[in-house]
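Okay, so here's the structure we're looking at.
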Amino acid sequence: MRRSASSWPLDERVSYLSSVNPSKAAAEFQELKTPELEGGALREGRAPELWSRESFGLFAQYCAIGLVYGTLPGTIYPFMVAYLNMEGTQTASARVLVALPWSFKFLFGFISDCFPIRGYRRRPYMLLGWVICLLALLTLALIDPGKPYWVRPEYATNDTFRHVKDKDLLGPEITNPSAKDNGGKFIILMMLAAVGYVQAAVACDAVVCEVAQREPEAVRGTTQTAIYTVRTGFIILAQVLSGFFFNGKEYGGDFDFTLSFQQIMAILALAVGLVLPITWFLVHEERCGAVDLRAYAVDFWEMLQTQAMYQVIAYKFFSNLFGHFQWVAAEPVARYWIGVTNLNDKLSEIFSSGVFAVTLWMTGKYGLHWNWRTMTALTTVAVVVLDAMVTLLGVWKVIRYQWFWLGVPIAVMLPAAMNFIVGTFIVVELAGLGNEGIVYGLISTVGNIGAPYSVTLAKSVNALFDVTNNDIQLDSTHVRWHVTYTALISYGMMLLSLPWLVLLPAQKAETQHLRHHGNRSRGMAIFTVIYVSVALCWSITTNVLSIFPSTKCLRIAGGRGCP
């Protein structure tokens, strides 16, 4: 496409989220619900109120998360593609590395669970994460990126220059070949900023999990829906910022006025600085004692051996591995063939996020009983058909209209939001007392690992075809065929994600049944640890290699081999 766990029973307490269609599994778990907690809540405590001081502190965290999360990836196209003219494999790596810290949510969750600071497990790690993010953003705001690749913005769209095979030889009055080599340090600093806000987000997620488990069964999910809707709202604000105020001609945009990349980073740094005092004074957290690491590790290993855990991990990893297989020429095609401007690209993202936010609320209110397998299969097939149609018509110059090209990603947000919010409901259902961080982080980590590993494989496959920036600008029949091959391979891999649906429980009650009555296997736990670890190490190594000039030519990094 063009864009983008189980816990063992504690105190024999079992519950499932909200209403599902009547079934044998549902009946079984209705009988097992803990009777002493009001309304079928999963833990003791007063039910949360959305307009309380406690909720405001959490909302503020997700406002900052949404703003940074929405802005950093949004600067990759205008800054790294248009300004620095980095290759498609490098910009694909940039997107992966900025998102890569999400693959370590499991580790952040483990640290937050097991190593309280002065009796607190969450707030100190929120503060530490925000400080790391703030320092990285301030550094980005102070570094001079140098002159752009195209000395004058209009040269980028000049037909005479576009059809030159090696544009680096046009001369210093036309191009600045050293510009594309300046991107490595910016990618690393952006990844460091992402490490900081992801660490804060993991601690926030653990608090949200605790709060959501205090909700009665009938309304469980209300807090999560509200919080993620707020986060999406600030993602929209970030997209407005980058779409309207980071849209100058030197960044591939339409406006004469623009904020610079450094100024955008300074705005983010200011927002992160404002959330620091809110984190300490408004986020509520109870003190806790020391954690027995030996007992914690034993319990975690026991959890990995349950069928619910290793089966859900396998589904999330392999479905993402196949489902996120990309064709890396998508961004150069959008820029050079379709003529997508930075403004229209940002408007498309804003509309997409709006659809995502509305769908979050609607799914949380009406969609808790839908069959997950059926929904995933139908939406995947629909997305492949629509996306393939639009892509092929654009590649072969039948319809090269910006909004035709950008319309499908907006529609894709509908199933994406459904899958996202249902996934968060499952985490709350499965997390136990004291392991909220590791369970929330583990489920997210496995899904996040599959995507970058898939991108790594895709870059290696795409390196066999003529789909570099210079090739795309030639717009020849030969290049169109090669782009078509890479796109069709991508869609075929997406369809191969469907057989893995047999590992996905159909609904919440079926998940609970698998959790409590499934098999246990030490061998499957060991196998799970091995393939997930190998995938993580491989994706990190290959994506880092693809950033730097001396190693980006390696085939393992998506290049064509070094001389």
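Cβ atoms are placed via backbone N, Cα and C, with glycine included.
Within the chain, the transmembrane segment (56-80) has long-range Cβ neighbours (under 8 A, six or more residues past its boundaries) at 86, 90-91, 94-95, 98-99, 126, 130, 133, 137, 145, 183, 186-187, 190, 193-194, 197, 200-201, 204, 207-208, 211, 226-228, 230-239, 241-243, 246-247, 251-253, 261, 264, 268, 271-272, 274-275, 278-279, 281-284, 331, 335, 342, 345-346, 349, 353. What TrEMBL lists as transmembrane segment is 56-80 (among others).
Per TrEMBL, transmembrane segment is recorded for 92-112 (among others).
Non-local neighbours of the transmembrane segment (124-143) in the same chain are 61, 64, 68, 108, 111-112, 116-118, 185-186, 189-190, 192-204, 261-263, 265-266, 268-269, 272-273, 275-276, 279-280, 283; each lies 6+ residues outside the stretch with a CB under 8 Å from one of its CB atoms. Residues annotated as transmembrane segment in TrEMBL: 124-143 (among others).
Here TrEMBL flags 186-208 (among others) as transmembrane segment. Within the same chain, residues 58, 61-62, 64-65, 68-69, 72, 75, 79-80, 93-94, 97-102, 104-105, 108-109, 112-113, 121-123, 125-137, 139-140, 143, 145, 223-224, 227, 268, 272, 279, 283, 285, 436-437, 440-441, 444, 547 sit at least 6 positions outside the transmembrane segment (186-208) and bring their C-beta atoms closer than 8 Å to a C-beta of that stretch.
Taken from TrEMBL, the feature transmembrane segment covers 228-248 (among others).
Within the chain, the transmembrane segment (260-283) has long-range Cβ neighbours (under 8 A, six or more residues past its boundaries) at 53-54, 56-58, 60-61, 63-64, 67-68, 71-72, 75, 79, 83, 122-123, 126-127, 130-131, 133-134, 137-138, 140-145, 193, 197, 200, 207, 241-242, 245-246. Summarising the annotation, TrEMBL assigns transmembrane segment to 260-283 (among others).
If you look up TrEMBL, you'll see 350-368 (among others) marked as transmembrane segment.
The transmembrane segment feature in TrEMBL is assigned to 374-396 (among others). Same-chain neighbours of the transmembrane segment (374-396): 1-2, 323, 333, 337-338, 404-405, 407-408, 411-412, 414-415, 418-419, 480, 483-484, 487-488, 491, 494-495, 497-498, 501, 504, counting only residues six or more beyond its ends whose CB sits under 8 Å from a CB of the stretch.
Look at TrEMBL and you will find 403-428 (among others) tagged as transmembrane segment.
For the transmembrane segment (483-504), same-chain residues at least 6 beyond its ends with a Cβ under 8 Å from one of its own Cβ atoms are 1, 311-312, 314-315, 318-323, 325-329, 333, 372-373, 376-377, 380-381, 383-384, 387-388, 391-392, 395-396, 454, 458, 461-462, 465, 467, 472. Marked as transmembrane segment by TrEMBL: 483-504 (among others).
The transmembrane segment annotation in TrEMBL covers 525-548 (among others).
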* Asked: Does the transmembrane segment (403-428) come near the transmembrane segment (525-548), with 3+ Cβ pairs under 8 Å (pairs 6 or more apart)?
  -> no
* Structure fact -> Ranking 228-248, 350-368, 525-548 by Cβ pairs under 8 Å to the transmembrane segment (92-112) puts first 525-548
* So what's near the transmembrane segment (525-548) in sequence-distant terms, Cβ-Cβ under 8 Å and 6+ beyond its ends? -> 89-90, 92-94, 96-97, 100, 103, 183-184, 187-188, 301, 304-305, 309-310, 313-314, 317, 321, 446, 449-450, 452-453, 455-456, 459-460, 554, 556-559
